[in-house]
Amino acid sequence: MPAITLTTLQGLKQKGEKITMLTCYDATFAHACNQAGVEVLLVGDSLGMVLQGHDSTLPVTTAEMAYHVASVKRGNSDAFILADLPFMAYATTEQAMTNSALLMQAGAHMVKVEGALWLADSIRLLAERGIPVCAHMGLTPQSVNILGGYKVQGRNENQARQMRADAISLEQAGAAMLLLECVPSELAEEITQAVKIPVIGIGAGNRTDGQVLVLHDMLGLSITGRVPKFVKNFMTGQTSIEAALSAYVTEVKAATFPGIEHGFSA
Ligand SMILES: Nc1nc(=O)c2c([nH]1)NC[C@@H]1CN(c3ccc(C(=O)N[C@@H](CCC(=O)O)C(=O)O)cc3)CN21
Ligand SMILES: CC(C)C(=O)C(=O)O
Ligand SMILES: [Mg+2]
């Protein structure tokens, strides 16, 4: 068991203390994130873009995810490890269970799936079998070809009402955490208040229970030079990666990151 467990994270929400999460794909960065006090390490399928150089997350496989989870696990001492199920690895409930088992056996403590109400059956089956699940809502990058790009979601009242209802339904189905990506700050705040489970945001304002960023983005590393509006370069003004990671933890805990300029309005 790591020092940080699901119970720790639930306690942080109840206390009103912000939860810090960063993506992490290898052992050395897992150790550095531990030293900085990052509570949750997300082995994200964003690795398809930042490590592998693909133009979306779709090419990533469960075997590749398991390889990175195992690497992070070996470098980690006390953080909670969350792992993405990649594109089409949870298309059926059977696939969700088989592939979640692979990631948990590689060292994950929780798995994350992208979607909305349709995830309810898989979430319930996984939770019943001992696997906590985070539901990733809003901008779901595995659906980029349906969404027509990486765009803010939930901007009109119909979409917002649907997202609020789905969040509550997924909590009832047994989701242990929600992640909201690129949704208006006000909607993210409403959803955070409507559920008891921790809600982590990225491009969702600073009223969620915690924050996540892609590690390379917050270290100022980019292939294209174009970064989403919600990204802040924490290397600015720092002289080491360790100091940048610590600055991220400090700013998330103080809710000085994200600022208004990193969020979206309806
Ligand atoms: N390096 C990296 N960082 C990420 O945050 C990230 C990945 N890769 N790969 C998977 C997805 C893709 N993500 C993205 C990519 C682009 C935008 C983006 O440019 N968004 C526009 C919103 C435009 C609008 O609808 O108003 C922006 O201006 O930020 C958002 C999320 C988030 N995830
Ligand atoms: C952007 C975060 C939330 C993610 O899912 C990833 O890094 O894959
Ligand atoms: Mg992901």
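Cβ coordinates come from backbone N, Cα and C, glycine included.
Note that TrEMBL annotation is computational and uncurated.
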In TrEMBL, Mg(2+) binding by D84, E114 extends, among D26, D45, D166, to D45
Counting only residues outside D45, S46, D84, K112 in the same chain, those with C-beta within 8 angstroms of the 3-methyl-2-oxobutanoate site's C-beta centroid are T23, L42, V43, G44, L47, T57, V60, M65, A83, L85, P86, E114, H136
Whole-number Å distance separating the Cα atoms of E181 (active site, proton acceptor) and D45 (3-methyl-2-oxobutanoate binding site) is 14
D84 (3-methyl-2-oxobutanoate binding site), Cβ-centred 10 Å count of other Cβ atoms over all protein chains shown, is 31
Expressed in Å to no decimal places, the gap between the Cα atoms of D84 (3-methyl-2-oxobutanoate binding site) and E114 (Mg(2+) binding site) is 9
